[in-house]
Amino acid sequence: MQAATETIAAIATAPGRGGVGIVRVSGPLAGRIAVEVSGRELKPRHAHYGPFLDGGGQVIDEGLSLYFPGPNSFTGEDVLELQGHGGPVVLDLLVQRCLELGARQARPGEFSERAFLNDKLDLAQAEAIADLIEASSEQAARNALRSLQGEFSRRVHALTEQLISLRIYVEAAIDFPEEEIDFLADGHVLGLLEKVRTELSTVRREASQGALLRDGMTVVIAGRPNAGKSSLLNALAGREAAIVTDIAGTTRDVLREHIHIDGMPLHVVDTAGLRDTEDHVEKIGVERALKAIGEADRVLLVVDATAPEAADPFSLWPEFLDQRPEPGKVTLIRNKADLSTEAIGLEESADGHVTITLSARTNAGLELLREHLKACMGFEQTAESGFSARRRHLEALRLAGNALEHGHAQLIHNGAGELLAEDLRQAQQHLGEITGAFTPDDLLGRIFSSFCIGK
């Protein structure tokens, strides 16, 4: 445990007025501040009701005082919580009193940072505190809570332990060549490597869902001109966010709209119609559309169900096939069902392709699309599954996966145990960045500075 030399104080509740407001203090002076502010010795881990006093003995407010001697506290240090009325003036006066007694104003996230430095929680758990506070849906809150309780960290630690076991075996074989262990003939190394690769792939998939729930999914609406893309955007947004006319090429640029479906964030992008054009401005719009398609989490390929070309929608624009994400991230939308004889509905092919027939003009079938998008974001996860994750976690998992893939290739094609050992070391280091076992100080500063003051 790292002993802090400074005592910090801050308001721990949200800005504004409320029934209850909390001032939090952490550090070696917390016990003395507790006595000075409450006017008496506090029994550890008990709530004491009474006045909060200023330097002249005048009452600032009345409320509960709770003192938690370290290391049995959130930060691992001596901690004091003053729970009074939630007026900003009263809370500011309490903080000023703590500063007069030797504390300093806490930086954003400094309480959580001290908890991390004192091994009360790891970095993924610390980030989950902020994710839980900022959760915009029940499922996102559940996932953040599971990460705070250590679910994500346990999965990462399990992977790390498997890597350590594998490294011990491989490096022992390298250090004692007289044993003449044949990595390929032995089969033990390959078996362990396959096991950790499979588990890492599962964790990456679940982490990706967790990141979508936290950050929101980027959905790009693409298709030919006049397929009803802007009408679909307006239907999802519930307002006239885009201009809709019968003139082909009305949308010439990328239009972004942020919406929520049952509290889940969605970043919807309307794009220019995909076609060959001599119009310079429209060409730029098409280029931007293709770029947006390549960056999307989900692409809604909209086709006019009444058009003859709708029979083979993926042949409408060959460049779309080059720019789109993997096939599983494309949903075909057969629009204008109110003008065709097609029934409203959702169909999923044997290879996993989803087609939704709807009418953006009448909103028929729109609820099917909403439910489909919720499922794509992991909304159907149960309370017992899933965890919160961030983009940096996904990058660390990706790099760890790349290292394992490279090590596997070296082992299969070259039987190179030395190179495999280095790849395993790199994979372990990337996983350590998630929990903070291997994390640069500048990254820690960026992470905790994004927290609320008082957290």
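Keep in mind that glycine also has a Cβ here, set from the backbone N, Cα and C atoms.
According to Swiss-Prot, the features are:
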type    : residues                                    : note
BINDING : R24, E81, K120, K455                        : (6S)-5-formyl-5,6,7,8-tetrahydrofolate binding site
DOMAIN  : 216-378                                     : domain 'TrmE-type G'
BINDING : N226, T245, I247, T250                      : K(+) binding site
BINDING : 226-231, 245-251, 270-273, 335-338, 359-361 : GTP binding site
BINDING : S230, T251                                  : Mg(2+) binding site
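The two recorded residues R24 ((6S)-5-formyl-5,6,7,8-tetrahydrofolate binding site) and K229 (GTP binding site) have their Cα atoms spaced 51 Å from each other.
Here the binding-site residues are R24, K120, K229, K336; the one with the fewest Cβ atoms within 10 Å of its Cβ is K120. The Cα of S230 (Mg(2+) binding site) lies closest to that of A272, out of the binding-site residues E81, K120, A272, K336, S359. Per-residue pLDDT, averaged along the domain 'TrmE-type G' (216-378), amounts to 78 for this model. The distance from the Cα of K336 (GTP binding site) to the Cα of N226 (K(+) binding site) comes to 11 Å. According to DSSP, S230 (Mg(2+) binding site) is assigned to a helical segment. DSSP assigns R24 ((6S)-5-formyl-5,6,7,8-tetrahydrofolate binding site) to a strand in the three-state reduction. In the structure shown, across all protein chains, A272 is the one of the binding-site residues E81, N226, S230, A272, S359 with the greatest number of other Cβ atoms within 10 Å.
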